[in-house]
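Notes follow the structure.
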């Protein structure tokens, strides 16, 4: 029973870093969370949360913190978010802790998600995050799960990194045809060009840095309101082939984001 196992909870809780960063100890710590009663569980999770910044950077310890987040209880999740204040960008660039930041974006309350987005949008950080092998996936997840206001703010910060429109020489009348329909038809079923442009660049940038061990697919996002439409020149730039963008060093090609922009 839980009372009889109190000495076990005391031992693993007081040494949660040593236990949680061990290949088998991380599983023991998770089972202790499962079998602890109310007060024991709160105490044990509290001890783990205190050391969350260390645990999330460990190949085994990060799973213990993710396990707490997966309980989907704000009383446990929000303190974890708070422990990462002023560390979000640093943790987003780390192989293991970036997974935890993504999970917090999916599972935490609006206030916690806003705090994460606030730190991702700090001046001078976005360019580094977009080009990082791990942080660019955090940016993609933030674009999908941020609050409506957070999504708008992120789009405005990422916009300058879109490829600039290019003037091309047309050699025939057939080549001069603009591959965009008139304004009336653009509103019917038009895939969000701007947001769709953003994620492909994140994917493209990841391929250049060798990231292969994390997924990047999006689920359909929610409608978050209107953003000013792009000009036809901007749309042509966004419609450029992914390979063309990859051929130019330093270009972040973006395309494939959730609907709603």
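Including glycine, each Cβ sits where the backbone N, Cα and C put it.
If you look up TrEMBL, you'll see 1-184 marked as domain 'PUM-HD'.
Here TrEMBL flags 11-46 (among others) as repeat 'Pumilio'. Model confidence over the repeat 'Pumilio' (11-46) is summarised by a mean pLDDT of 95.
Counting only same-chain residues 6+ beyond the ends of the repeat 'Pumilio' (47-82), those with a CB under 8 A from a CB of the stretch are 13-14, 16-17, 20-23, 25-26, 29-30, 33, 91, 94, 96-97, 99-100, 103-104, 107-109, 111-112, 115-116. TrEMBL lists 47-82 (among others) with the feature repeat 'Pumilio'.
The repeat 'Pumilio' annotation in TrEMBL covers 83-118 (among others). Tertiary proximity for the repeat 'Pumilio' (83-118) is limited to same-chain residues at least six positions away from its ends with a CB under 8 Å from its CB atoms, namely 49-50, 52-53, 56-59, 61-62, 65-66, 69-70, 72, 74, 77, 125, 128-129, 132, 134-135, 137-138, 141-142, 145-147, 149-150, 153-154, 214.
Residues annotated as repeat 'Pumilio' in TrEMBL: 119-156 (among others).
Look at TrEMBL and you will find 200-243 tagged as region 'Disordered'.
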(message) DSSP on the repeat 'Pumilio' (119-156): how many residues come out helix, how many strand, how many coil?
(response) 28 helix, 0 strand, 10 coil
